[in-house]
Amino acid sequence: MTIEDRDDAHLITHALAKDTLSRLRDVETEQVAFRKGLVKLGRICGYEIIDGAMETEYVPVETPLEETTGERVRGLDDVVIINVLRAATPFVEGLLKAFPRAKQGVISAGRDEEAGMTDGEFPITIDYVKLPEIGPDDTVIVADPMLATGSTMCAVLGHVLDEADGFEDLFVLSAVSAPDGLVRVSEQVPEADLLTVAIDDRLDDDGFIVPGLGDAGDRAFRTV
Ligand SMILES: O=P(O)(O)OC[C@H]1O[C@H](OP(=O)(O)OP(=O)(O)O)[C@H](O)[C@@H]1O
Ligand SMILES: O=c1cc[nH]c(=O)[nH]1
Ligand SMILES: [Mg+2]
């Protein structure tokens, strides 16, 4: 198993996840490679969630030759993936390779970077929310590659909690997290399990994760 439990989060420690993230961090990685890297990382994280957090059950299987016992992952049809626009889009594309039958939700959320941070938090604008029905059997994965101050994720989770009629598990999945963001989300939404590939050192004065990988949305969508 390549998920390591820590006090602040569960770390996805698969070697390929670390390799892919290191390529994403590289300032020389251009748009197409960056976007493909996020897709790949999403796929790896999806497989790791299945391996580390979901159960299997034994089932009878009739092969062309005889009956045997196989093993199937339980609950693959009861997965909800929430795409936090915009940077999560390629990350979610990868997750869907692991969970092809997931129900999908979309929440468009952005930090007001002109307003800036106050007490370590950004004002968040939510423009659009479209969620599927979420119920007690569902494993919910809220995906956003960057968890910086945690302001966006707290706002997003507020909508998820308002609309969900219970859930089996609620995972917040990010590629890179800052310590402040992990603390904010776990204090404000204790029912969420935080999964991340890396926990970086700190935030800079503009709320960017250091060393981080820069602005994930801008690099994937080439808006700089
Ligand atoms: O933890 P926080 O301090 O809230 O920062 C993290 C958020 O910032 C980025 O989105 P951004 O606002 O840049 O929007 P984008 O996806 O459209 O680029 C990132 O994808 C997160 O959603
Ligand atoms: O470092 C950061 C912080 C917020 N959003 C990003 O894309 N990168
Ligand atoms: Mg951005």
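Glycine is treated like the rest: Cβ placed from N, Cα and C.
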Which of R86, R101 shares the 5-phospho-alpha-D-ribose 1-diphosphate site with R111, D144, P145, M146, L147, A148, T149, G150, S151, T152, D215 per TrEMBL? R86
Neighbours of the uracil site I209, G214, D215, A216: Cβ within 8 Å of the Cβ centroid, same chain, sequence order. M146, V176, F208, G212, L213, G217, D218, R219
Could you tell me the C-alpha distance between I209 (uracil binding site) and G37 (GTP binding site) in angstrom, no decimals? 19
I'd like to know which of the binding-site residues listed (L38, V39, I209, G214) lie near ligand 1, counting only a CB under 6 Å away. none
Pull out the binding-site residues from the set K36, G37, K40, A148, G150 whose C-alpha sits within 10 Å of the C-alpha of D215 (uracil binding site). none
